[in-house]
Amino acid sequence: PYEKIGAELVKEVAKKTDDVAGDGTTTATVLAQALVKEGLRNVAAGANPLALKRGIEKAVEKVTETLLKTAKEVETKEQIAATAAISAGDQAIGDLIAEAMDKVGNEGVITVEESNTFGL
């Protein structure tokens with residue numbers, strides 16, 4: 001029963017990460033799997049599940065706090081291109097996204113659709 005709960009948790013983590021950030025699902029999934037695995041190992045060794053949960057929640061708060069303190073705004077076209085290129089794994093795609101964002105501005109909307117036409 002714990003394994004099924006763990007699998008559902010990992011699935012929910014990936015979905016929420018995708019919904020909120022649009023990227024990082026692999027990292028979030030790996031972290032969630034490690035938390036579930038180590039959590040189950042600790043519970044099997046006699047750890048109090050509620051104390052473990054509280055500890056994880058405190059750790060999440062600290063990590064979130066640290067990430068927010070060290071986060072940097074992505075403001076310039078070059079920064080947008082670099083960030084998008086990392087996410088896409090392709091500099092040309094990063095440049096294209098930066099160009100599109102430059103044209104529509106901060107409040108604009110960019111729609112990306114899959115095409116069956118090669119090269120377009």
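Just so you know, the numbers here start at 1 and follow the chain as drawn.
Using the three backbone atoms N, Cα and C, a Cβ is placed for every residue, glycine included.
Per Swiss-Prot, the feature ATP binding site maps to ASP23, GLY24, THR25, THR26, THR27.
Most buried of the binding-site residues THR25, THR26, THR27, judged by other Cβ atoms within 10 Å, is THR25.
Neighbours of ASP23 (ATP binding site), defined as other CB atoms within 10 A of its CB across all chains, total 15. Mapped onto three states, the DSSP output places ASP23 (ATP binding site) in coil.
In sequence order, THR17, ASP18, ALA21, ALA28, THR29 are the residues of the same chain, not among ASP23, GLY24, THR25, THR26, THR27, whose CB sits within 8 A of the CB centroid for the ATP site.
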